[in-house]
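S.K.: Straight from TrEMBL, here's the annotation block:
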- A:28-49: transmembrane segment (TRANSMEM)
- A:28-204: domain 'Heme-copper oxidase subunit III family profile' (DOMAIN)
- A:69-88: transmembrane segment (TRANSMEM)
- A:100-119: transmembrane segment (TRANSMEM)
- A:139-162: transmembrane segment (TRANSMEM)
- A:183-203: transmembrane segment (TRANSMEM)
Amino acid sequence: MSAPAHHVDDQWPHEPEKATLEGRNKVIGFWLFLGGEAVLFGTLFATFLALRNQIGDGPSAAELFKLPMIATVTAILLVSSLTSVFAIQAMHRKEVKAMLNWLIVTVILGFCFLGMEIYEFVEYVHEGHTFTTSAFSSSFYTLVGFHGAHVAFGVAWISILIAQVRKKGLNLVTAPKVYVSAIYWHFIDVVWVFIFTVVYLMGKVG
Amino acid sequence: MAHTVKRHRGIMDWLTTVDHKKIGILYLLAGALFFGIGGIEAILIRIQLIKPMNDFVDAQTFNELITMHGTTMIFLGAMPIILALMNVIVPLQIGARDVAFPFLNALGFWTFFFGGILLNLSWLIGSVPDAGWTSYLPLASVDYSNSHGVDFYTIGLQISGLGTLIGGINFLATIINMRAPGMSFMRMPMFTWASFITSALILFAFPAVTVGLILLMFDRLFGGNFFYVPNGGNVVLWQHIFWIFGHPEVYILILPAFGIISDVVSTFSRKRLFGYSSMVFATVLIGFLGFMVWAHHMFAVGLGPVANALFSIATMLIAVPTGIKIFNWLFTMWGGSIQFTAANMYAISFIPTFVMGGVTGVMLASAPADFQFHDTYFVVAHFHYTIVGGLVLGLFAGLHYWWPKMFGRMLNEPLGKVTFWLFWIGFQLTFFIQHFLGLLGMQRRVFTYLPNQGFDKMNLVSTIGAIMMGVGVILFLVNVVITSTKPKNLGNDPWGDGRTLEWTIPSPVPEYNFKQTPLVRGYDAWWKEKMEGNTEMPAAEPVGSIHMPSPSILPFMMSVGLFVAGFGFMFAKDDFGNTALNFLFGNHLIAAFGLLITFGCMFLRSVKDDHGYHIEPEELEQKGVKA
Amino acid sequence: MKRLLPLFAGLVLLLSACGRSDLSTLNPQGPVADKQFDLMLLAITIMTIVVVAVFGIAIYVVIRYRRRPGQEEIPKQIEGNHKLEVIWTVIPILLLIILAVPTVKYVFAFAEDYSGDPDAVNVKVTGHQFWWEFEYTDLGINTAHDLVIPKGKKIAIELRTADVLHSFWVPAIAGKMDTNPQGNVNKMFIEAYEAGLYRGKCAEFCGQSHALMEFKVKSVSEETFKAWVAEMKAEPKAFEGDLKVAESFKQNCLTCHAIDNAPALGPNLKGFGSREAVAGIMLNRETADEPIEQAVVEEHLRQWITEPQKVKPGNTMPAFKEQLSEEELDGIVKYLAEYKLESLKEFNKQ
């Protein structure tokens, strides 16, 4: 196992996240983890699809969902994915300042998403759509809530990474961490695209 | 730049270790503990069934025993012993100094362990899971099982499942990234291949059961409606989720045994594994098909003829790659020079025994006939033939085979052979006859049965067999104790016929595994060198300073956090008759405290860089002299 | 003689392996179980071929190629053999096809729905913790524990549960099917060739007394069935004897049970004296060759009413040890045990 190198700053590698064995392990391990996450969300989606018409006495999906608002949060999350791409590009060029700025924008957009989602949930509860209302409501809150918890975790994680890079600088130890956090962020973005389609669009249409 | 790292001693060494060999031993100890508990449960079950209308235990206790026996054996007994061997052996077989994620490896063990402890604490607290290891709804809902039993099941399995999942990811990354130069995928020993596929199955199967358990927990603790029919829930959904995990899980259990048998049979026949590439292909195919057949557990649920027909055929297909494996093993021995060590006796007896489990599997695959077999003792016999006659025999073979590598001492051979015969004959007595019990109309999971149905004698025989198996297991433990008093004086290759890289390094293995990373020049790397007259592997690097990861207490603490949080959630609605306790649990403060420990440790791990330490060449030389 | 012993032992095992004709799947008494048995035989035959082949090769190899003392030479290292590998891939596939064809055929045959068939008898089976309710939907009859059917006729069954999952299984007549809650209602059919008594069991783990959730299928002749239907549809037998006891029966028993065909919380009591068992599990006779003695029924009933948890742990019947006076208990037991159906007297040898 080769030692983590701290002294090669003058030759910044093309893919700093994969320059060390630790980095390569981290990246492959994280992709594998996302494979497991995909099954996790797949099962949640399957559950939602099986139960989404069982609304009991509660309001239906078509009555609840307000597409303009959902479209806005979708746009916010998609843009945040783009800003995290910019952050990684900056990292590859070793522009630490730019990278941090793009990460901060990503985190802010993540917070906006979370804020709107909480607002959305509170609204639904006022309309009589609580976790215990029906099988539809339970599976809705579980699926969308799981995604929300992933976003919250991502926001906290990237914030900690911003602080770390500020303190320790961008090097071959911190670069893979930033890189995998960006993969994670894209993943939850992709999951949201499915949620937008399966939960909201299909809920509105049928 | 070597950092000075505090090296712990005694118990702290074990709590903080990130060494894959020590973690392997921890898995083995934990596995032995839970295997023992599950075994005692099994004996109690068999004693209750020794005669009709017996009242050795009451119906409720019996249901708790069968639930905990199944859950413990599958999740807490078999899995850790598999992971023990994977941990110790896989890095050695691919010529690696460590696993990809030593820290996560330790975390995986401790979460697994605390999950298992949490589940088994249910016996002490007195509300034990009682809805079967499958926990079908509505029986497992609060309406029909309103003690904390099923909560122990959902929360304990979630925590321990997390550990297994971490282990799976770790081994995948290790095998993909950490192979020595020349160790291409198609040169990997079969056990490593099996571990690779098993890890992939863990990765794709465990998240499904995690979701299932979360949904069940939400239903029970927070009033969810997933499986609550009056509010639109669906009880069959649980069965789908459970078995879409559950069927791959049985292949997770059996594939490592396939790997062990391949290595052991080939070693003790002094012959290359017959049809290596078709063995690899068959393993991959079994893993893939394992995800396509879950509904064969649900033929009697009423999925309709189309689903039943498709799942029947898909299930039958699995017999083809399995058959390939069986014949490849037989033809590995064909023309060989077979040595009957205890390890090999377990391995060879595995082949016909597993075939019997396999053929009853094909019989069960035929849905119309399964309407008769389903949920009877025929099924009990079938899966014990595959899990005990398959996996457990495989594990005993593996333990005898690799024991010298793990501990530097060889298990007593004559005693090992006596143990084998007791266990094997006991096994056949216990389970062969159960096929007939099922066909004669005895359904499974019954705490008793009426006399005069033709069940009495067969149940008596079955119980006698179970006791023989129990004695066999005790003899194995005696063997372990006797062996531990012997001196450690074994060479690198104590069997003399080793074929793979683990037999090129000292027994027991030094913490850095390989002084120099080996250069692999073909399949059965060590055998190839031996045949060419070499006494050691060619090295891929000069002797140099070796980087090692630092020990850490964080994995242990993170698991303690989850353990505490689990209790916090479980007892949130209980009245303890104590204001302080009610306040702490009722407001989820205990749960929050536990999660705080876990996430706090995670935070520490993220911000505190682990620079590890180095073992310098001089130190290696000193050790070399000592060895 | 000594040499014959193992042979004899094997024969006994083989014979006992066929089991009771009212219980064993190996002794089928109806067309469904019969076809299932055929399929089992086919599967067992194919699988025996496989097992014999593997055992044969294994034993040969282990004996022929064992390492002898002093044997040190290295065997030839063989990578594999394509021809052999093709053989042991293709032969299993062929064997599986032989099994798969009838499998698919019978999957569809057993899924046939006879509920619309005018010749079939429709029965709605409901599983309860831990007893079986049988409602003859076309005939307006509701009964429990004993399913009376005409021989040689298709019985179209609709399965559902009132609580947890159960599974309806009469091994000698047909394979099992689960009883699910609303939304997953199942259909199946059964048929018995001859008149006879068959044991039925719950095959899906359903709680404490899962083991004790048994029922009986009484297959009777067409005429007997008609007579039984008429008798079951008629007014229930009036309570004889003391008015106070009659009132007690009404107050204590009929709050949960019914004596007419109305649905109720607990098992229907009509024709109780003709039942094969009390609470499904305390057998009033061992086989259909013996008569059902009223004294046995009374004894079982008395035990059940006073200590139901001891008989069937976890069931919802309250214990009436304290609530009923000796006189009331005697009166109720006598009434129920004496309530025999004329139509079944011959079958029950009463």
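Backbone N, Cα and C define each Cβ position, glycine as well.
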S.K.: Looking at A:69-88, A:100-119, A:183-203, which one has the highest count of Cβ pairs under 8 angstroms to the transmembrane segment (A:28-49)?
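M.R.: Looking at each of A:69-88, A:100-119, A:183-203 in turn, the most contacts to the transmembrane segment (A:28-49) are made by A:183-203.
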S.K.: Excluding the flanking five residues on each side, which residues at least 6 beyond the ends of the transmembrane segment (A:183-203) place their CB within less than 8 Å of a CB in that stretch?
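M.R.: Counting only partners 6 or more residues beyond its ends, the transmembrane segment (A:183-203) has Cβ contacts under 8 Å with 27, 30-31, 34, 37, 41, 45, 48-49, 52, 61-62, 64-65, 67, 70, 74, 77-78, 80-81, 84, 106, 110, 140, 143-144, 147, 150-151, 154, 157-158.
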S.K.: When you scan the chain for residues with a C-beta under 8 Å from the transmembrane segment (A:139-162), skipping those not six or more beyond its ends, what do you find?
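M.R.: Sequence-remote neighbours of the transmembrane segment (A:139-162) are 40-41, 44-45, 47-48, 50-52, 61, 77, 100, 103-104, 106-107, 110-111, 113-114, 117, 121, 129, 131, 174, 177-178, 181, 184-185, 188, 191-192, 195, 199.
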S.K.: Per-residue pLDDT averaged over the domain 'Heme-copper oxidase subunit III family profile' (A:28-204) comes to what?
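M.R.: Averaging the confidence scores along the domain 'Heme-copper oxidase subunit III family profile' (A:28-204) gives 94.
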